[in-house]
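Colleague: In case it helps, Swiss-Prot gives these features for our protein:
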- 9-11, 35-36, 57-59, 62-66, 133-136, 140, 143: 4-CDP-2-C-methyl-D-erythritol 2-phosphate binding site (BINDING)
- 9, 11, 43: divalent metal cation binding site (BINDING)
- 35: site 'Transition state stabilizer' (SITE)
- 134: site 'Transition state stabilizer' (SITE)
């Protein structure tokens with residue numbers, strides 16, 4: 001049996017903190033306004049994993065009203081979601097993440113993001129795709145006010 005999940009996340013820029021995307025620190029003059037580290041890529045991917053198995057969403061499991069998640073590394077959240085996937089008897093078929101940002105440029109960091117995600121999901125880097133695009137300077141992402149990310153996860157029942 002296979003299951004497919006979709007995830008979405010968005011964060012605005014505005015805090016003096018490191019910019020973390022896909023588990024990688026991306027050099028930029030500002031970070032995200034967020035309760036956790038604000039990693040939009042891992043948040044969308046976490047939601048995709050949870051959605052594939054009807055396990056709710058990131059806000060249900062890790063509410064931003066709970067101080068234990070304040071400034072938490074989003075890799076911890078992703079790994080916990082994946083633990084739940086494994087508990088249900090599934091493994092990764094593949095994941096695909098799309099980062100929508102005018103700035104900063106993602107291309108130099110994509111290979112590192114893929115490696116981090118593959119490590120956390122205990123799969124091959126060939127099962128992880130990360131790509132980036134812009135909105136051609138349209139909307140808040142086009143004005144470099146923040147970043148949007150979408151993710152899809154295909155889960156396969158373990159034998």
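Cβ from N, Cα, C; glycine included.
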Colleague: Given residue 58 (4-CDP-2-C-methyl-D-erythritol 2-phosphate binding site) and residue 43 (divalent metal cation binding site), what distance in Å do their CA atoms have, once rounded to a whole number?
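Modeller: With distance taken Cα to Cα, residue 43 (divalent metal cation binding site) is 7 Å from residue 58 (4-CDP-2-C-methyl-D-erythritol 2-phosphate binding site).
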Colleague: Could you tell me the C-alpha distance between residue 135 (4-CDP-2-C-methyl-D-erythritol 2-phosphate binding site) and residue 11 (divalent metal cation binding site) in angstrom, no decimals?
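Modeller: Approximately 15 Å lies between the Cα of residue 135 (4-CDP-2-C-methyl-D-erythritol 2-phosphate binding site) and that of residue 11 (divalent metal cation binding site).
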Colleague: Cβ atoms within 10 Å, counted per site: which of 35, 143 has the most, among these binding-site residues?
Modeller: 35
Colleague: Tell me the Cβ neighbour count for residue 11 (divalent metal cation binding site), meaning other Cβ atoms within 10 Å of its Cβ, over all protein chains shown.
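Modeller: So the number of other Cβ atoms within 10 Å of residue 11 (divalent metal cation binding site) is 22.
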Colleague: Take the mean position of the Cβ atoms of 9, 11, 43, the recorded divalent metal cation site. Which other residues of that chain put their Cβ within 8 Å of it?
Modeller: 10, 32, 34, 38, 39, 40, 41, 42, 44, 147, 149
Colleague: Sequence gap of 6 or more, C-beta under 8 Å: which same-chain residues meet both conditions with respect to residue 9 (4-CDP-2-C-methyl-D-erythritol 2-phosphate binding site)?
Modeller: 40, 41, 43, 44, 47, 58, 148, 149
Colleague: Applying a 10 Å Cβ distance cut-off over all chains shown, what neighbour count does residue 63 (4-CDP-2-C-methyl-D-erythritol 2-phosphate binding site) have?
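Modeller: Result for residue 63 (4-CDP-2-C-methyl-D-erythritol 2-phosphate binding site): 11 other Cβ atoms within 10 Å.
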Colleague: Which entry in the list of binding-site residues, 43, 58, 135, has its Cβ near the fewest other Cβ atoms, using 10 Å as the limit?
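Modeller: Counting other Cβ atoms within 10 Å of each of the binding-site residues 43, 58, 135, the minimum falls on 135.
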Colleague: Name the one residue among 35, 63, 134 whose Cα is closest in three-dimensional space to that of residue 11 (divalent metal cation binding site); these are the recorded positions.
Modeller: 35
